[in-house]
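Over in TrEMBL, the protein carries these features:
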type: TRANSMEM; residues: B:7-24; note: transmembrane segment
type: TRANSMEM; residues: B:30-51; note: transmembrane segment
type: TRANSMEM; residues: B:81-100; note: transmembrane segment
type: TRANSMEM; residues: B:109-127; note: transmembrane segment
type: TRANSMEM; residues: B:163-183; note: transmembrane segment
type: TRANSMEM; residues: B:215-233; note: transmembrane segment
type: TRANSMEM; residues: B:253-276; note: transmembrane segment
type: TRANSMEM; residues: B:288-310; note: transmembrane segment
Amino acid sequence: MSLLVVDGLGITFGGLKAVDDVSFAVAPGEIVSVIGPNGAGKTTLFNMISGIYRPGRGRVSLNGTDVTETPPHKLAEMGLSRTFQNLQIFQDMTVLDNVLAGYHLTERGSIWADLLALGSMRRRADKAREGARGLLARVRLDKAAEQMAGNLSYGALKRLEIARALALGPKILLLDEPAAGCNAVESEEIDRLIAELAAAGIAILLVEHDMKMVMRISNHIVVLDHGEKIAEGDPATVSRDPQVIAAYLGTENAEGAHADG
Amino acid sequence: MTWRNKWLQLAILAIAIAVLPLFFPSGYYYRVGALIFVNALAVVGLVILIGYAGQISLGHAGFAGIGAYACALAPEHLGLHPALSPVLGAVVSGVLALLIGRPILRLKGYYLAVATLGFGILVSMVLTNERALTGGPDGMQVADLGLRAVLRDLGWRLSGGEFWYGASGIVLVLGAWIALNLFDSPTGRAMRALHGSEVAAATVGVDVARQKLRAFVISAVYASVAGSLLALQNGYITPDVAGFLHSVEMVTMAVLGGVGSVLGATLGAAILTLLPQVLTVFAEYEQLVLGAVMILVMIFLPQGLLPSIARRLRGRDE
Ligand SMILES: Nc1ncnc2c1ncn2[C@@H]1O[C@H](COP(=O)(O)OP(=O)(O)OP(=O)(O)O)[C@@H](O)[C@H]1O
Ligand SMILES: [Mg+2]
């Protein structure tokens, strides 16, 4: 059964249909990519699914429950996690604290325990800290754990966001351009990490401009243009679709299409 | 990050409080010290609200007023023991903060500043206008705590100044301990996270509205206890304690010292409490010099005194 079902989702910003009647589904362990030129509505779609924007129309359901009006922190409790295209890092916190914040749902407890530093709080925090260090090692940021997050490079912050998103132990992970601004080595690492996560049964919804990566790792691709879904299918089908070629892949290589927007 | 280290900060604070009296030229300085500690306690509360959670309040003197007048009114009208009055004040302040915080904290930035400002003004007007109860602008007498007499019976003779220096100092260390506990706890992390990015905090499961409210309530209780201590040590209280200027003074102390740092808050409180006393040599230009000092600090040390100094020290060995 599908974990995430998006049904007829749409939103309008001052007359502009940023997303219009988009439907698709993601199953556990599946990698679904959303592609489309700049301004196609990919990030807006993510913002609606993750509860940041309230959809104008349509429904989102998670594990069979309607979550269309559910606020982000409740969606997190239900196992939905995400990263951001324009980094949303807790700049004035250490790298480790950023990931620990991702453990909020498992490390939180009574406020009195927090104020008085009771043993119960310390045990919860220590457990989260152990997990956080493991995740940092996984994205190769363990050496930077005590640094202020604001001092990290762009590529490192991208990986930090992934580690923080993983701290929730998500069932479904939304990644908005995780490899943007990363060098070839970093891209490949993120590529491999995504494949590992999917293999572990996490549903992945991915927005990425790196077409080579998208074609290689996706099980299913949804193509947006001007807010509308113009095609969907497996990578081979999508890359042969005439409408997709016209809208997006037409300029031979994907990077070119990206730059032309 | 040694300066963030909880026990180091607490040790510095406790040792400073214990050692400073050795250098006091006269008993009068115990009074000044006690006043600094009371101000610092309120400012530590604001560090939680402003520094951790990133929310502003220009009305926290309102809570100080509630704490202060609880000590003035409760023993006489409710027959409450003076030692329990601060607890009553803290409970009333906490509940009130919970009630008004819910709608107010939806606002951001200067909207929030104005809304909290309104709350502070409201409290101070009630205290000024309810003459029958509060004595109006002339203020009212506050019953003695009675603890000093108990100590005297136990053979420990302290002057009023000495007693309040010690008592306020102990409460300040306790307040600093709690604030530092919070900093490195799940709740503190959630507060600091929403300060950095509300959207990202929400997506990792932080109930942003709830955590803001917690910070507001906790800081209100700090202000209330500080107000109570002020009333008790002065033995007299006027509505000025709840006034707008007092609110602004608290925020200024927090920002000057370094708004994310508990020790910085204490330093800010100390400087702004002492400076007017030192600047009396400038006579009518006192306020002018005070303002100039504040502007210069913010221009050259925009993080506030302590974090800027700490950063500079760290920068040297990096
Ligand atoms: N909050 C908003 N208010 C008004 N317009 C918006 C808002 N968010 C997005 N838009 C508009 O909606 C359209 C879709 O934007 P969106 O960011 O979703 O595109 P995208 O596919 O993610 O593009 P990119 O590849 O550049 O990231 C754009 O025209 C954008 O200007
Ligand atoms: Mg986008």
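Each Cβ is built from the backbone N, Cα and C atoms, and glycine gets one as well.
Note that this is a predicted model, so its numbers are computed, not measured.
The list of residues near the transmembrane segment (B:7-24) in space but at least 6 beyond its ends in sequence, with Cβ under 8 angstroms from a Cβ of it, reads 30, 33, 37, 162, 165, 169, 172-173, 176-177, 180, 262-263, 266. Only pairs six or more apart in sequence are counted, and the transmembrane segment (B:215-233) with the transmembrane segment (B:253-276) gives fewer than three Cβ pairs under 8 Å, not enough to call it a contact.
Per-stretch counts of Cβ pairs under 8 Å to the transmembrane segment (B:253-276) identify B:30-51 as the leading one among B:30-51, B:81-100, B:288-310.
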